[in-house]
Amino acid sequence: MPQISFEVVAECPHTRARAGVLHTAHGDIETPVFMPVGTQATVKGLTQRDLAEDLGVKILLSNTYHLYLRPGHELIRQMGGLHKFMSWPNAILTDSGGFQVFSLSGLRKIHEHGVVFQSHLNGDTHKFTPESTVDVQLAYGSDILMVLDECPEYPVSHEYARESMQRTVRWAREANEHFLERMKQMPTRHALFPIVQGSMFTDLRRECATALVDLDTDGYAIGGLSVGEPRPLSLEVVEATEAILPRTKPRYAMGVGMPAELPEYVARGIDMMDCVLPSRNARNGYLFTSEGRVIIKHARYKDDEGPLDPRCACYTCKSYSRAYLRHLFQSGEILFSVLATRHNIQRYLDIMREIRHAIISGSFPDYLRCVQSSLHDAG
């Protein structure tokens, strides 16, 4: 019995785009879906009520590495799991921690059966293995767990990318075997997604995807994106990879993207995406609107009485002027981050809802052509 189920409700005959529903133990998720990032079990500046009730977020992403170091997976287990710990009623996807560990560079060492790393908090030594990261994420009670993978930097040689990809495949097999054994004793439902790697080499991506499909997991992720590569290359890699992944399973593009990129990935068969940009850029005064990007510190907004985005129905846009938002930002007020983050996440969610509606109504190609021009400033 699958740990989650996925059904496709509409497909675009002219692209690879599809609309679906992902069924999890913590509710149904309409796809394509954008997942806000709650690294430390919180989306900075927003409460869980803001996210679930006001914005309608159905799934969040949290970070295995950061929560493992603080407060620790055993404490989270003792507190009843991550859902109860952070008072979140809907689904949670946790990454494996691999991206963060491999970003540590001099603070980690790769072995065939895992990676040893030093905590960026206090220098303590830790080890992640394919099996241990599964156990950590099960302690969290995550609905969707990610397999430990190696995310190489960009660019790397074809030789190293192949070695890294083969290691990722071995880790995926080990993690999946352990996960299936753990599921025999678990009363709750969880799903495991392996991650396709291979840097920007399409032959390696295809080889990796083919090997991972043999595991017959509940879904598949495409990692190693947004690591400095040109956007056309990223889209090319996704297109080559997606062609091998089963149409009956959800596909997740990790760490993407800007507003103008979202429909491009959906057009290539992607169902799930996440990115820190809407919240991080919000805190830095970069706001996404239906008319393009607004850099709120610019002087032209000093006496602008209009809403941030006239087409947006979020609380920020219904209640405050651009002039007031600029005042908050220039004054360093915490309220700015709250209002800006709320708006940016709303904008991303609105884009995904527009995409889904376009797929179901049969107008996605027209939507894609329109959005490529209207959102180019935001991308």
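The backbone N, Cα and C atoms fix where each Cβ goes, and this holds for glycine too.
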According to Swiss-Prot, C312, C314, C317 bind Zn(2+); identify which of H298, H343, H357 is listed for that same site.
H343
Of Q48, Q185, Q197, which does Swiss-Prot put in the substrate site with D95, S96, G97, G98, F99, D149, G224?
Q197
Can you check which of 255-261, 325-331, 346-352 Swiss-Prot lists as region 'RNA binding'?
255-261
So among G97, Q197, D274, all listed as recorded positions, which is physically nearest to C312 (Zn(2+) binding site)? Use the C-alpha atoms.
D274
Measuring Cα to Cα, how far is D149 (substrate binding site) from C317 (Zn(2+) binding site) in Å?
40
On a C-alpha basis, identify the one among D95, F99, Q197 that is nearest to C317 (Zn(2+) binding site); the candidates are the recorded positions.
D95
Sequence-remote partners of the region 'RNA binding' (255-261) [C-beta within less than 8 Å, at least six residues beyond its ends]:
99, 223, 225-226, 231, 234, 273-275, 277, 288, 347-348, 351, 371-372, 375-376, 378-379
By Cβ count within 10 Å, point out the most packed of the binding-site residues listed: G98, G224.
G224
If you pair up every Cα among D95, S96, G97, G98, F99, D149, Q197, G224, the residues annotated as binding substrate, what's the maximum separation in angstrom, rounded to an integer?
15
Of D95, G97, G98, D274, which is closest to C314 (Zn(2+) binding site) if I measure between C-alpha atoms? They're all recorded positions.
D274
